[in-house]
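Chemist: There's a structure below that I have some questions on.
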Amino acid sequence: MPVRRYGGRYNNSSPGVSNALSPSTTAGRPLSPSPAAGSKLASTHHDPVPQEAYYVNDEADAWHQQQAPFREPSVEVEVEMIDDEPPHGSQKSLSVAPYTANASSSSGRSKRNAITASGYTFYTNERQKTVYEALRSLRPLAELQEPRRVKEYAETSLKDSLYRIIEAHDVIMVAGAFFGDEGKGKTVDAVAHHPLCTCIARVNSGENAGHTVYDKAGRKFVFNLAPSGLLLPGKRNYIGPECVMDPVSFMEKEIIQLIDAGIDYRDRLFIGNVCIVTPYHKLLDLLGSAANSSTLKGMAPVHGSKVMKRGIRLDHIFNDDETLRKRLEKDMDTYLGLLKVKNLSDADVVRLCREENSDGVVRVPDYVIAFAQAKDKVEFLVKLYRDRVRHNPDFPARCDVTYELHAAVLRGEKVLLEGPQSYWLSNARTKFWESTTSADTTAAGLLAASQLNFQKFKSVVLNVHKAPGSSRVGIGACPSSFVPQDYFSAQNIKTLRDLPSETCANFEAVQRTLFRDGFPHSNDKARHNGIMAPVEYSDETGKYNIGVAMAIASAQHHGECGAVTKKPRVCGFFDCVLQHEVNSIQGPYLTISALDRGDEYDKVGVTIAYVYYNPEGKQVDVNGHVYKNGDIIRAGDPVPSEPALYHCHPIVKLIDGWRDNPIAAAKRRRNAPLPRGVCELLSTIEYFTNCKILSIGNGPNGDDIIYLRQ
């Protein structure tokens, strides 16, 4: 496994960085060497598994006969949140099951050593300290003193802020500005409540995106593809033809919630001719994806079928079975071919599926496993779609979504495009291309997928980010993260339950250690250069590198994990380098969610630049520019791609917190002046990104938003 480290600069080389570093070292973060012997690290799902004796159904009907006609009697309605509203303020620490270790030493040390066998470490080693000694000589950037003037932000009303923007445009897009999970739902809800906003649409991506919404009665609904406006009376909701849908999962996990709640959706939800995610797409995802690299929702395989024009769309299910059979048979060649190449039997696939579900989290549904067992797989699918979709009286109405959205705008109505994932997770962004989703989830991708006339209709983008605790889930580079993106998965930590009990559970102590010891010259402007020192945090369970401690503590304290899977997201500092490009491409408006978290921080960190440092001294050529050790990448410079970003370290500006003047909705007096720390944070973000901050989130409720006067 390659060393994945962070930091960089586009043009100016800093003379203050030493090159005298041993290979495979990194400042302030755990190393990522090749897995040690006996490692738990499962690099991919590719390896063939031994043959085992499994009972495989000879008839496809055997499974179907056991099922209810249109829904299973027991349906899990809560799914993993890929883009959930981030929790706010103080969160009760998640219950974490103890980690069982074989070592006989003290409980904390034995637990830690059992996990570090993967090659990563919880503690700081000597090589990390050596690297920090080189980077600490970096001359402080003048930008660390910016902005020279802190703006004063005045609160205004929803009507004088957001509603004015809505009324000046025809198409409103709410888009993620980082790597998903930014808390877009609250902004979507605010826009959807505008009386002129009659249409809410999801126009691309699939069930790998998600959001939680609540109705007036406080009932919780977890949606993936279903638009948020379904709970608002008088709103029409659409799922466009560029979306990809597993219709069985859609009915069992999303529509069933509406049925059980007695919500009539028949005249308010319409589905276009979507591409169909089949069970073999999900199995291809399982068999071909590295650990932690996929949601196992079949996204890459189904988009491959779409591009190759081999898959099926919803209309195929509602027409003759013979055409459906032929298309399924042709498209399934990829799946059957992979089994042959990997020398896998159906029983092997079933075993892998059950292993994925062995911790109690259903990542592979029963009907997908039943497909893997079926002898006649094509006939299994034809019957599945006939019973669960075509003949299902609960399946929503279908329509030409593009036509309906166009007609609505011509009538003077407003259309809200609900963006899945985010700008940097878009497959159209080459910088993170290998670790993105498979759709273009930028604002440009949303508008293109909607097929609304961009020359005729006025559109606006509301970008959403969160702070503190910006996060990314899955693999890939993320310079401002506290640990590498594969840190948890490399140690076989699929959920927060896999962490030792009470590990870094005292968030207050962890963050205090970070800002007190991790930035030793934070109060000395002449010496503070923004490089985080590899100090350690200790508790009763052991000793931890401060980056590791913050990653664990943030995930637990802020609830940064999947709602059901508990898969931890990797948190870090707000990244102005990446945010600058987002606002330069998608427009100036930015809303920051969950800012009330800052009520519990001594200081808040903001990444204003990267320093490139490859411990092996290697240079990286990106778009014709060669990055070398000591180069600085500032906000506004071209963002390099992942081969360079893996060796980029954040340069962090620290801002004093506002503990004595909390902004959480439950504690703040309405229209009270914002604390200086909040104003300095917002001023810093605006200065380095050229954005206009429209609002900040300050609580869990839908109306816990502070709108700022422009």
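Just so it is clear, glycine is given a Cβ too, placed from its N, Cα and C backbone atoms.
Marked as active site, proton acceptor by Swiss-Prot: Asp181. Among the features that Swiss-Prot reports, active site, proton donor is placed at His211, with the record citing sequence analysis. According to Swiss-Prot, the feature GTP binding site maps to Gly180, Asp181, Glu182, Gly183, Lys184, Gly185, Lys186, Gly210, His211, Thr212, Arg569, Gly697, Asn698, Gly699, an assignment based on sequence analysis. Positions annotated as IMP binding site by Swiss-Prot: Asp181, Glu182, Gly183, Lys184, Asn208, Ala209, Gly210, His211, Thr295, Lys309, Gln421, Thr437, Lys567. Feature annotation from Swiss-Prot assigns Mg(2+) binding site to Asp181, Gly210; the stated evidence is sequence analysis. Sequence annotations record features per position, and here Swiss-Prot assigns substrate binding site to Ala563, Val564, Thr565, Lys566, Lys567, Pro568, Arg569 based on sequence analysis. The compositional bias 'Polar residues' annotation in Swiss-Prot covers 10-27, 101-111. As annotated by Swiss-Prot, region 'Disordered' applies to 1-51, 84-111.
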Chemist: For a quick check of understanding: given the listed IMP-binding residues Asp181, Glu182, Gly183, Lys184, Asn208, Ala209, Gly210, His211, Thr295, Lys309, Gln421, Thr437, Lys567, what is the maximum Cα-Cα distance in angstrom, as an integer?
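Modeler: Largest Cα to Cα distance for the IMP-binding set is 34 Å.
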Chemist: Take the Cβ of Asn208 (IMP binding site) and count every other Cβ within 10 Å, whichever protein chain it belongs to.
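Modeler: Total other Cβ atoms inside 10 Å, all chains included: 27.
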Chemist: Cα of Glu182 (GTP binding site) to Cα of Asn208 (IMP binding site): how many Å, rounded?
Modeler: 15
Chemist: What recorded positions in the list Gly180, Asp181, Lys186, Arg569, Asn698 lie within 10 angstroms of Gln421 (IMP binding site), counting C-alpha atoms?
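Modeler: Of everything listed, what lies within 10 Å of Gln421 (IMP binding site) (Cα to Cα) is Gly180, Asp181.
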Chemist: Please identify, from the recorded positions Asp181, Glu182, the residue with the sparsest Cβ neighbourhood, meaning fewest other Cβ atoms within 10 angstroms.
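Modeler: Counting other Cβ atoms within 10 Å of each of the recorded positions Asp181, Glu182 gives the minimum at Asp181.
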Chemist: Considering each pair of residues in Gly180, Asp181, Glu182, Gly183, Lys184, Gly185, Lys186, Gly210, His211, Thr212, Arg569, Gly697, Asn698, Gly699, all listed as binding GTP, report the largest CA to CA distance in Å, no decimals.
Modeler: 21
Chemist: Among all the protein chains here, how many other CB atoms are within 10 A of the CB of Asn698 (GTP binding site)?
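Modeler: Other Cβ atoms within 10 Å of Asn698 (GTP binding site): 28.
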Chemist: Write down the Cα-Cα distance for Asp181 (active site, proton acceptor) and Lys567 (IMP binding site), rounded and given in Å.
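Modeler: Computed Cα spacing between Lys567 (IMP binding site) and Asp181 (active site, proton acceptor) is 13 Å.
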Chemist: Whose Cβ, among the recorded positions Lys184, Lys186, His211, Lys567, Arg569, has more other Cβ atoms within 10 Å than any of the rest?
Modeler: Lys184
Chemist: Could you round the CA separation between the residue listed as 'active site, proton acceptor' and Arg569 (GTP binding site) to a whole angstrom and send it over?
Modeler: 9
Chemist: If you count Cβ atoms within 10 Å of the Cβ of Pro568 (substrate binding site), leaving out that atom itself, what do you get?
Modeler: 26
